[in-house]
Amino acid sequence: MLQMLQKGKGMTSLLLSIYQLLQSKFAHHILTAPSTTAILKPSSLPFLRHNRSYQIRGMTSVQGVQDPETVSYLRQSEAAEIDEILMGPLGFSVDQLMELAGLSVATAIAEVYKSSERSRVLAICGPGNNGGDGLVAARHLYHFGYKPYICYPKRTAKPLYNGLVTQLESLSVPFLSVEDLPMDLSDSFDILVDAMFGFSFHGTPRPPFDDLIRRLLNLTSPDMNASRLPAIVSVDIPSGWHVEEGDLSGDGIKPDMLVSLTAPKLCAKKFTGQHHFLGGRFIPPAIIDKFRLQLPAYPGTSMCVRIGKPPRVDISALRENYVSPELLEGQVDSDPFDQFQKWFDDALAAGLKEPNAMCLSTTGSDRKPSSRFVLLKGFNKDGFVWYTNYGSRKAHQISENPHAALLFYWDALNRQVRVEGSVEKVSEAESEHYFHSRPRGSQIGAIASDQSSVIPGQQVLHQKYKDLEAKYSVGSSIPKPKHWGGYRLKPEVFEFWQGQQSRLHDSFGLWLLNLHAFGSFCTTWLRYTPKEIDGKRVWKIDRLAP
């Protein structure tokens, strides 16, 4: 099995076989867990392929439902019963569930509020499990780059809670008494985590929590300046709300974010804030079936999932304050191909999805540009190679205008690389070699699809694929179609860009032709121009004003 995964072959059939085995024999015993993904480190670039996500689940009850109207909501008795089952016959411990819940809260916060913009977090923790969730969330937020503070006025004298306090103290996370807190919390904190009371709370909040709730209520006053208000994040239940009826008085906490745990409680239907997330990715199929739960599917390996549509935002207000090391002239390689190799290796090491994806821009004789993403399949001092259908739109444009531009964008590294140059077809032998290195399904697909042409419907393509699959039985060689092959872009210009704070980006271009410099918004450019010294080519580096 491991050898098959490492070779990247038979992935689909292998995972489907595992899925069928699990579903038939162990369906009632397997938990829905973060999807298992094999990370295949390529030995060479031509074999860098991304097998699309295959999720293995013991049951199919969990649907990708994100509409709040179709998600299941729990009554208080149901929530309590689920906890009893989890910590009884299903073998979970309180500390396990608390760790998963706190991590879910922290990841939901990080999903919406960036540490570069809202770093100061005050977690107000109650004496029960909800407070423990807040303590765990604060620890994870510390490791995510936030600056957490804890207000924990009624500590629970149990080893579990003592351990959580010790963990935070070892990180030098400050613990503040109620008396230490400013009356106006907006002056000192960017995010307020309401982890005071959970779904089992009854009655009226007692001191000092009644006062803390009033301080949170003051932040929702119309007299407050909304632009400077901290975000309020409630864990599972907004403190003071009725678990089923919600804010009965109408004067309760109105959080900006609610992170429901396990499944939303009935009061969550009354939540009117912008961000509703579900956390606690540990619900086994047995519970899903027993309570007939409809819950949204968690994306990838995430510990939280949004319920409902994200709020609309002002596009003009979207901006990123990049945090990256400076890109200095003395630290870059003198050869642009070597510099690209370093950055590409960094993208591989960072585990980015399809780091070889590049945007290819072409124009034909009509001068109308078009762009699409393709996959880089090789590069060296001769240029950058990709493969495609020679009858496609991009191929027609390249035949009319054999020049193109490539753009690589590595979001997690705050980097992008632009490459411009002339384009030529690779040799037939090179195309043949790569074609036969591809999976059989990809080879058949290249024959079946007349790329960019109009087809009557998807069923036509499926039937053509099936016919070809039958024609080329397993073991027989599949001929490369003449309309399929590779292109090589021979670089004339390189530009390397790295994001910096306040949009004073570092960017430098390496020019193989002495072209005119050009500007870009709010960037810093380093221009490389070739010159001859003692018969050798060297690069003259100039920094240009943004």
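Cβ coordinates come from backbone N, Cα and C, glycine included.
Listed in TrEMBL for this protein:
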type    : residues                                                                     : note
DOMAIN  : 74-294                                                                       : domain 'YjeF N-terminal'
BINDING : N129, N130, G131, G132, D133, G198, F199, S200, F201, H202, G203, T204, D236 : (6S)-NADPHX binding site
BINDING : N130, D194, S239                                                             : K(+) binding site
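Projection of TrEMBL feature records onto the structure.
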residue : record                   : Cβ neighbours (10 Å)
N129    : (6S)-NADPHX binding site : 23
N130    : K(+) binding site        : 25
G131    : (6S)-NADPHX binding site : 27
D133    : (6S)-NADPHX binding site : 33
D194    : K(+) binding site        : 28
F199    : (6S)-NADPHX binding site : 24
F201    : (6S)-NADPHX binding site : 20
G203    : (6S)-NADPHX binding site : 6
D236    : (6S)-NADPHX binding site : 28
S239    : K(+) binding site        : 25
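Among the binding-site residues listed here, namely N130, D194, S239, S239 has its C-alpha nearest to that of G203 ((6S)-NADPHX binding site). Maximum C-alpha to C-alpha distance over the listed (6S)-NADPHX-binding residues N129, N130, G131, G132, D133, G198, F199, S200, F201, H202, G203, T204, D236 is 21 Å. Neighbours of the K(+) site: apart from N130, D194, S239, residues of the same chain with C-beta atoms within 8 angstroms of the site's C-beta centroid are I124, G126, G131, G134, A195, M196, F197, G198, S234, V235, D236, I237, P238. Taking only the Cα positions, the spacing between N130 (K(+) binding site) and F201 ((6S)-NADPHX binding site) is 10 angstrom. Residue pair D133 ((6S)-NADPHX binding site) / S239 (K(+) binding site) shows a Cα separation of 14 Å. Calculated from their C-alpha atoms, the gap between N129 ((6S)-NADPHX binding site) and D194 (K(+) binding site) amounts to 13 Å.
Each residue contributes its Cα atom, and for G131 ((6S)-NADPHX binding site) and D194 (K(+) binding site) these two points are 9 Å apart. S239 (K(+) binding site) and F199 ((6S)-NADPHX binding site) have their C-alpha atoms 9 Å apart, to the nearest angstrom.
For the pair D194 (K(+) binding site) and F201 ((6S)-NADPHX binding site), the Cα-Cα distance reads 14 Å.
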